[in-house]
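Novice: Take this structure, written in structure tokens, and hold onto it; I'll ask about it next.
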Ligand SMILES: *[C@@H]1O[C@H](CO)[C@@H](O)[C@H](O)[C@H]1NC(C)=O
Ligand SMILES: *[C@@H]1O[C@H](CO)[C@@H](O)[C@H](O)[C@H]1NC(C)=O
């Protein structure tokens with residue numbers, strides 16, 4: 001009997017896990033959370049369509065601002081952020097005052113660190129038909145990374161919005177940008193051999209060997 005229970009539990013866990021892997025998008029009403037592609041950082045099945053609706057209208061204190069931090073964003077197309085005064089997921093007639101705030105492109109993917117709104121609804125849409133040619137590709141550590149894993153937080157008026165956040169580019173493409181457990185502060189976890197807040201210090205910077213000229217620091 002015990003064995004049967006155990007195997008059923010394992011089966012359920014596996015099924016739940018597999019389902020969770022397929023999930024993409026949803027209604028987000030908690031004051032902070034994570035948006036990620038299925039199985040991040042692994043490649044996902046395409047075509048993929050996701051829509052996350054971040055809804056702050058139920059928060060006890062108003063006004064609220066919603067900030068999405070682009071911590072691990074490796075797609076160069078297909079991702080848009082739209083604010084709405086009101087958004088009813090299933091009724092286009094009740095989706096009021098849409099305004100596109102940001103569309104990720106090859107040009108801005110390395111520059112933009114966050115997207116913020118003061119309206120109650122922020123809708124994040126991701127559509128991708130093929131993986132090839134649509135991803136940031138840099139050093140070895142980022143060659144096999146697909147999709148996105150980004151955080152959001154609802155600021156309830158009182159708390160200060162952190163002025164430092166990171167992205168792959170801010171970590172010099174030599175590390176991953178992670179949020180702290182409560183998603184309110186950020187840091188670069190550098191790939192082996194690289195150190196420093198932006199992972200700029202590499203294996204070639206040895207103290208006993210001054211590779212830099214003209215007073216520059218490595
Ligand atoms: C939201 O409101 C705050 C204070 O009212 C303002 O400083 C900030 O610029 C606004 N942000 C956006 C994205 O409109
Ligand atoms: C996704 O992001 C969160 C917050 O930065 C981080 O804690 C988590 O490790 C990330 N997941 C992966 C698979 O990198």
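Cβ atoms here come from the backbone N, Cα and C positions, even for glycine.
No curator has checked TrEMBL annotations; they are predicted automatically.
What TrEMBL records for 1-20 is signal peptide. Annotated domain 'CUB' per TrEMBL: 24-155, in sequence order. Here TrEMBL flags 162-200 as domain 'EGF-like'. Feature annotation from TrEMBL assigns disulfide bond to 171-188, 190-199.
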Novice: Using C-alpha atoms only, work out the spacing between residue 188 (disulfide bond) and residue 199 (disulfide bond) and round it to an integer in Å.
Specialist: 7
Novice: How long is the line from the C-alpha of residue 199 (disulfide bond) to the C-alpha of residue 171 (disulfide bond), rounded to the nearest angstrom?
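Specialist: Answer for this pair: 6 Å between alpha carbons.
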Novice: What are the helix, strand and coil residue counts for the domain 'EGF-like' (162-200) according to DSSP?
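Specialist: Output for the domain 'EGF-like' (162-200) reads 0 helix, 11 strand, 28 coil.
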Novice: With every protein chain in view, how many other Cβ atoms are within 10 Å of the Cβ of residue 190 (disulfide bond)?
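Specialist: Result for residue 190 (disulfide bond): 21 neighbouring Cβ atoms inside 10 Å.
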Novice: Under 8 Å between C-beta atoms and at least six apart in sequence, can you list the same-chain neighbours of residue 171 (disulfide bond), or say none if there are none?
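Specialist: Expected: 177, 188, 189, 190, 198, 199.
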Novice: Determine how many residues of the domain 'CUB' (24-155) DSSP places in helix, in strand and in coil.
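Specialist: Counting residues per DSSP class in the domain 'CUB' (24-155), I get 6 helix, 62 strand, 64 coil.
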